Amino acid sequence: RKSISLYSTKTGDKLYFPQTHSVICSVCCLTMKKFFFTCKSTAPTTISRSLGPEFGGAVGICFYLGTTYGEPFRFLQIYIAPKAAIFPLEGLEGAEQEAALLNNMRVYGTILLTSMATVVFVGVKYVNKLALVFLACVILSILAVYAGVIKTAVDPPDFPVCVLGNRTLVWKTFDVCAKTIETANGTVTTQLWRMFCDSPFLNATCDKYFVNNNISQVQGIPGVTSGILAENLFGTYYEKGDLIARKNMESVEDPDDPSTNMNRYVLADITSFFTLLVGIYFPSVTGIMAGSNRSGDLRDAQKSIPIGTIAAITTTSTVYMSSVVLFGACIDGVVLRDKFGEGVHGNLVIGTLAWPSPWVIVIGSFFSTCGAGLQSLTGAPRLLQAIAKDGIVPALRVPFYACCLSLSPQIFGHGKANGEPTWSLLLTACICESGILIASLDAVAPILSMFFLMCYMFVNLACALQTLLRTPNWRPRFKFYHWALSFLGMSLCLTLMFLCSWYYAIVAMVIAGSIYKYIEFAGAEKEWGDGIRGLSLSAARYALMRLEEGPPHTKNWRPQLLVLVSTDAEQNVEQPRLLSLTNQLKAGKGLTIVGTALEGTYLENFDQTQRAEQALRKLMEAEKVKGFCQVTVSSNLRDATSHLLQASGLGGLKHNAVLVSWPRNWKQGDEHQTWRNFVELVRETTAARLALLVPKNISAFPSNGERFTEGHIDVWWIVHDGGMLMLLPFLLRQHKVWRKCKMRIFTVAQMDDNSIQMKKDLTTFLYHLRIDAMVEVVEMVRSKTLVMEQRSQMLKQINLTKNEREREIQSITDSSRGSIRRKNPAAVTTQLSVTEEPPAASKEEKPEEEVQLIHDNTNPASPATPATPLTPSETAQSPGEQVQMTWTEKCDGEPAKPPGAATPEGIKDIFNMKPEWENLNQFNVRRMHTALRLNEVIVKKSSEAKLVLLNMPGPPKNRTGDENYMEFLEVLTEGLNRVLLVRGGGREVITIYS
């Protein structure tokens, strides 16, 4: 009755909107149900198989709560006979009366819940038998209402309402709707007079509104032919405490006189508005998935559920819409808005309207709500049982042996021998009782609406997602469907959620989101090939295709790491701290591939490959490294590593940097192949134009659990590499391990350089990069750079003009200031050239060796042949740039070859840049003066640093100098605890633009 009184006044927008939404949702539900034909399939099961266990668990719990709270919603509606009150209402007014009414609901609801739970516990077959009796009573009640509507056309019932002016009076303490009555003894005042006057006499002082307005008695049910529909067709909303008044009646009010005796009038007990009324009404159309929840009891669910659901929705929609329209056409608006029937002696409005007796409606309403409650009490435990059996909500995995009654693995997935969910029923009944204790329908209904709407929204989303992904297994049997219908239904669900109550909608979403994250955190172990994974696959494919369209912008450049680790005989990773460093670089948000190489054949070592892959995954999980792992097998480790370097990644999502640890024991005789493989790896990364990161003393690097409370990260920026050296410390400082370390940048200057200007320029450069770091310029006093002389000698040999020679010399002067500016980074390579010749007996060895930077503008792709020297035109057309680092030994007594000689020795003079230094020896690299001096300065400045980053020179062209190359790097980093050697690939750039 309460719902009818709230809704019958607006037939247009309160009713058709929810009904239309219900029909659309049903079509989508049927489509999903015809597809997911598994036994005992429920709404959470459908969503789990479509959107994943996280969505299924979150929405399933909310849908279960909605179905469970649907039971008290039905049971509270059963208290429709105020005269049967356990807590009497006579003599009570206002809040006391409402409290007594709610207490009656609590008592009756608890009694009925206990009775119905007992019936459900006995068995579902008894529920089905009672359902036929309930259905018959409901049909008779509906027919009685239609018969009563027809009867009002010729003989409306006597159902008076007393109105003062246009205000509806509470008809409880007076008997006659009049101020005075005429008797044989004269005019006598009535009980109504005494309610507004201070005495029963005619000369008494009365309420001004009572004096100025007349008393009239109107019929609350004027009949279908009265034309009242036009008045009730449009809505009227009230604030809490407003008077329930008739619009078409005159009322004389004094604006200066405050209203008194407000308790004598029928007042609005709540503030009503469209969204509130939709939220209260919507639960009446939420039974569209009742058949799905009990699909396990059907012989052919795919056939029965669509027919039954469509027939049920068609029937109920017709009854709902026609009933509301007919109520608005037969019943006065003030009666419809009188929530507790105070203006009609507490009589039943629809019972009075029905024919032949009000008891038909009382009995029909009782059995209707009992039947709906039984259906909810039957379906809700099965929902919980299905969720528990799926194991998608870890909290429901409660060991049953805790109850000392059985050895079943879990409580809520267990039932009686016939499958009845005993423990789920007990929990459902307890939750239902909490809803009954709330007692207020207005407080329960919005909660129901949120949970149901969320379930329907995700069913629609699942249906649309499966259609748009066009997965091969999506073959629904129900054909009357289009994906746009699902999006419409999903939009309607979301709209209704916020229309009903925006704060309840937010609370419901927060609850569902919390459950989702809980399931995700606890670990959803089920894999059902859901649509979300299919969506991820489609999105990944689309993104990879987009990445193929061109190289990333410099602003989007980030280190995509290929981490190369080695494993022992037990397939355990030998450098676990390498993954710790990878985790500390995760601020770059780039790709991470952890790979290892195995020696042998793939067929024979397949099991070993699987163990290595599992070990990598386990270590990545322990170090919290998010990425992929890859294992390659080849006849030797060198080829296997090369395969990793070439084949890792997919399409545009490939690595652009390689992270590999320094070969620790490379000087030992049995480890010679290890360092040779390392040098070859450096060459391959250079050829592939990949950046290379080589941490030295990796075991000294911090784990993810350590914290540096102070210290410095020192960057020795000797060669400009596009900003890689700047970016890596910035990324490290984003991690909690390095967060409190400060960054220092050192650059090397010679005596003729302007150190003050260099520091100023570098500080300005860092300011534009938005990098906070201290800058220091270190002067190498004893460093000898003979690049100028060597370049002049080369220019003479290739016969350049004087102006061209001056320009070339100026370029060398600029490049000798510590950073080499490359105009075309894509064409840059960095190589270490070692030329070895047997020493002449007449040569006098000098104690100093030089490491020299040579800026060569010749084309590396087209070197001069021994028979053809380079020409000026060929030199001018060479766009590439090449940086060489050459170890040389000063020699005396060797005459220089003639410039431009067309012999191998003459060409060698050009590349060695100093004709009088033809012969080179593999001396102990520790004695090289420049390396030693640079190492001395680095150790002096950065010995206490937590990490030192250095430019890494390239490998020699001639492989006979590989050991000298390793010795040079060893000398360069000697005495430093943690070193990260960085070699740019020519593509990485740190930009000043955000």
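Note: Cβ is positioned from N, Cα and C throughout, glycine not excepted.
Just so you know, TrEMBL annotations never went through curation; they're auto-generated.
What TrEMBL lists as transmembrane segment is 107-124, 130-149, 265-285, 305-331, 447-468, 480-505. TrEMBL lists 260-562 with the feature domain 'Amino acid permease/ SLC12A'. The domain 'SLC12A transporter C-terminal' annotation in TrEMBL covers 576-693, 707-824, 926-994. TrEMBL lists 803-885 with the feature region 'Disordered'. Feature annotation from TrEMBL assigns compositional bias 'Low complexity' to 857-876.
Secondary structure of the domain 'SLC12A transporter C-terminal' (926-994), assigned with DSSP and counted as helix (H, G, I), strand (E, B) and coil, comes to 30 helix, 11 strand, 28 coil. Ranked by the number of CB pairs under 8 Å to the transmembrane segment (265-285), the listed stretches 107-124, 130-149, 305-331, 480-505 are led by 480-505. If you average pLDDT over the domain 'Amino acid permease/ SLC12A' (260-562) in this model, you get 79. Assigned with DSSP, the residues of the domain 'SLC12A transporter C-terminal' (576-693) fall into helix, strand and coil as follows: 59 helix, 24 strand, 35 coil.
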